[in-house]
Amino acid sequence: MFDDIVILHAGEVAYHGPANDLAKHFEQLGFPCPANFNPGDHVMFLMQKEPAEKIKQVKGSWGSSKHYREMCSKLQLLNDSRDLGAQTTENRTVEKPGFWRQLSVLTAREVRGTLRNKGILGARLGMSVFLSVLYGWLFANSARNGDNPQSGKCLPGEFEPGACTGDFQAHFGTLVSMSIMSMMGSAQPVLLQFPAERPVFLREYAAQQYGVVPYFISKTMVEMPVVLVSSLLSFVITYWLMGLHGEFFLLVGIAWLLGMASSSLALLVGCGVASGQKAVQLAPLTLIPQMLFSGLFLPVAKIPLSLRWVRYLCPLKYAIDLMTIVEFSYVRDAIDQCTASGASKLQCQQEYPGDYLRQTLVENQSIEWDQWGFYLGTLVALLVGFRVIATILLWRKGKFVF
């Protein structure tokens with residue numbers, strides 16, 4: 001199992017050489033190893049039971065042994081080669097790897113680390129599948145019920161405002177549940193894993209092995225496809241179970257942006273703590289405010305002005321707004337087509353009562369149909385901004401490692 005063995009006694013070498021020669025060396029000193037006895041255990045037993053004079057002789061004999069002379073010769077050759085190398089490189093400067101070299105090496109390492117931890121990756125994707133099946137089952141056909149020809153209460157002949165409002169709330173709930181799942185599914189793994197990786201980064205950064213920027217970019221590049229696969233799996237399962245209407249890939253893209261923005265916020269928190277336990281304690285800070293200020297429990301218009309600005313830091317708010325615009329675009333299209341045909345507003349309301357009610361309910365969520373560009377830009381800005389702040393925070397901490 002071992003090629004070389006070092007036996008120490010009171011800080012002094014009693015033997016250093018090949019493991020196969022251990023028994024022979026001590027046999028020459030008058031301590032043969034008994035049959036069927038481990039040579040290592042035999043020597044350790046001798047070191048404990050023999051008197052100090054014999055132990056001193058054993059250690060002295062090591063200094064005149066063949067193995068000692070061979071080791072001295074090897075060390076001399078090594079020192080000579082170092083001296084020669086120092087002479088030939090004394091005028092040569094060692095160049096630090098460039099940005100692209102650092103990025104390629106770090107990205108490759110991050111990919112290997114992600115694929116190596118198959119259990120963590122499988123659990124993450126498996127949880128997305130499980131929750132998607134659960135949500136799809138719970139909200140089955142929720143997006144179709146209002147316009148169901150047999151039982152729909154949002155259709156002209158069967159229109160009932162209360163029942164139609166209930167159908168809208170269930171429909172809107174599907175988008176909220178998918179958004180929250182994307183947010184939590186992306187934030188929690190980063191929040192728990194990064195504090196464990198942080199000490200490794202600080203040591204390697206202090207040794208000037210690479211910079212902060214390529215390190216963060218490499219993590220982002222590897223994280224992006226993982227979050228995309230998770231978002232894609234979620235909507236492949238839930239889209240048809242729930243009966244959603246919006247463009248499939250637009251909904252997946254919004255969920256992906258939300259996941260990346262949420263992981264960026266979790267990364268920012270993870271950069272500021274030194275242990276996973278502290279990260280767990282701060283986890284509600286990344287999740288609860290987003291739900292409070294997204295208008296889910298309290299309309300945005302009723303949030304105190306002194307706190308209303310917090311919603312601009314909540315990716316969940318803008319992801320829900322974007323998903324709502326994409327999912328209920330058929331409502332806006334039906335109303336616009338009716339208006340474009342020359343019919344009066346009253347006639348359109350009579351022809352599409354459910355769509356007008358849905359439009360009002362969407363606007364009651366402080367969602368403006370024409371502001372989708374602002375919502376998208378804010379979501380991307382939060383994604384980038386949180387990571388830039390995290391980069392600066394980690395860079396400052398890396399300067400004071402020693």
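Quick reminder: no glycine exception, Cβ is built from N, Cα and C everywhere.
Keep in mind that this is a model prediction, so the values were computed, not measured.
Quick look at what TrEMBL lists:
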{"type": "DOMAIN", "residues": "1-47", "note": "domain 'ABC transporter family G'"}
{"type": "DOMAIN", "residues": "101-328", "note": "domain 'ABC-2 type transporter transmembrane'"}
{"type": "TRANSMEM", "residues": "121-140", "note": "transmembrane segment"}
{"type": "TRANSMEM", "residues": "224-242", "note": "transmembrane segment"}
{"type": "TRANSMEM", "residues": "248-270", "note": "transmembrane segment"}
{"type": "TRANSMEM", "residues": "282-301", "note": "transmembrane segment"}
{"type": "TRANSMEM", "residues": "372-395", "note": "transmembrane segment"}
Note: vs the transmembrane segment (224-242), the recorded stretch with the largest number of Cβ pairs under 8 Å from 121-140, 248-270, 372-395 is 121-140
Per the Cβ filter (under 8 Å) with a sequence gap of at least 6 from its ends, the transmembrane segment (121-140) is approached by 114-115, 170, 173-174, 177-178, 181, 185, 189, 226, 229-230, 233-235, 237-238, 241-243
With the cut-off at Cβ under 8 Å and a gap of six or more residues from its ends, the chain residues touching the transmembrane segment (248-270) are 178-179, 182-191, 194-195, 198, 219-220, 223-224, 227-228, 230-232, 234-235, 239, 279, 282, 285-286, 290, 315-316, 319, 322-323, 326-327, 376, 379-380, 382-387, 389-390, 393
Near the transmembrane segment (372-395) in space but 6 or more residues beyond its ends, with Cβ under 8 Å, are 198, 201, 212-213, 216, 220, 254, 257-258, 260-261, 264-265, 267-268, 270-272, 312-313, 315, 318-319, 321-322, 325
